[in-house]
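Asks: My questions will all concern the structure given below.
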């Protein structure tokens, strides 16, 4: 039996929910885009029509994040994992090390890839505070004096841990913002490189964004594949080869949708309200638990467990039947996880809390 999509809320960590108006527009335009009689998926990436899409999407992203002129915006392939290799190969220059801040799974994944190209200096920032998971403040991070850059992941999706501050350093700061980009205001000028896989707050999977400061172009090692070379991509307007045009087009629609919501400042307020609704209920409950200290709780990914973990399967089955999708926690930590990215409306979070309250009453 088909579910009414009006009552379905997708809490997937990624690929994540896309704004419904974006999907509706893509559906309407799918077979005949801009009166061309063909789909946007079928036209040349070199055509004037698609060049206009590419240029407008870049400008919209620049507007949303207030990206300074001395930064290049690159639309890349291979997702964030490709950037785990691209970052050291583009930025090391003659250096043999870079500092990596380890606060969770994705930071550790970046370290493992970097080991192929250098000897990463790893600072473990994981901590415990009041019996909860936390992260050491950036002022306590130890940065190697010879580091080519400092890499960190501001939001660890699996544990639901967020880093909210930056170190004071003369080293370029590199951030994997796959799960936080466009969810709150940031000062791009404080970073050397920001990269993000698209499939959470930007668009569908298949594309990634890299925002690179101009002075960091041209440091690439000779062995770096051209498709990962920031300078090559910048010189070729991200079209060194055929890009994932449909994902690029959809990302552009998401940027326009976000501007129509009032931009990043407005969506940040909504995101904070959504997270507060969910965390407040969990904290008030004796049935649900979140193991992250409030100082480091993620705005985007809210993991929670029940005091009766044997009820997990029942919880997930009943939630699914009500249209509350993809709430199963990551296999590493178990339990449940609600990913509440930009496209998740407040109504979805309220529907989840209503279900959680009812489930608690029936099963406590």
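Cβ coordinates are placed from backbone N, Cα and C, and glycine is handled just like the others.
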Asks: Given that Swiss-Prot lists 80, 81, 106, 157, 176, 241, 242 as binding pyridoxal 5'-phosphate, which residue among 56, 59, 199, 261 does it place in the same site?
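Replies: It is 199, as the record lists it for that site.
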Asks: Please classify the secondary structure at residue 176 (pyridoxal 5'-phosphate binding site) using three-state DSSP.
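Replies: The residue in question, residue 176 (pyridoxal 5'-phosphate binding site), is strand (DSSP, three-state).
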Asks: Pop the Cα-Cα gap between residue 46 (L-glutamate binding site) and residue 157 (pyridoxal 5'-phosphate binding site) into the table, whole Å please.
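Replies: Answer for this pair: 36 Å between alpha carbons.
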Asks: Looking at the binding-site residues 46, 80, 106, 241, 242, whose Cα is closest in space to that of residue 200 (N6-(pyridoxal phosphate)lysine)?
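Replies: Among 46, 80, 106, 241, 242, 80.
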Asks: Mind computing the max CA-CA distance among 80, 81, 106, 157, 176, 199, 241, 242, which the record assigns to pyridoxal 5'-phosphate binding, rounded to whole Å?
Replies: 31
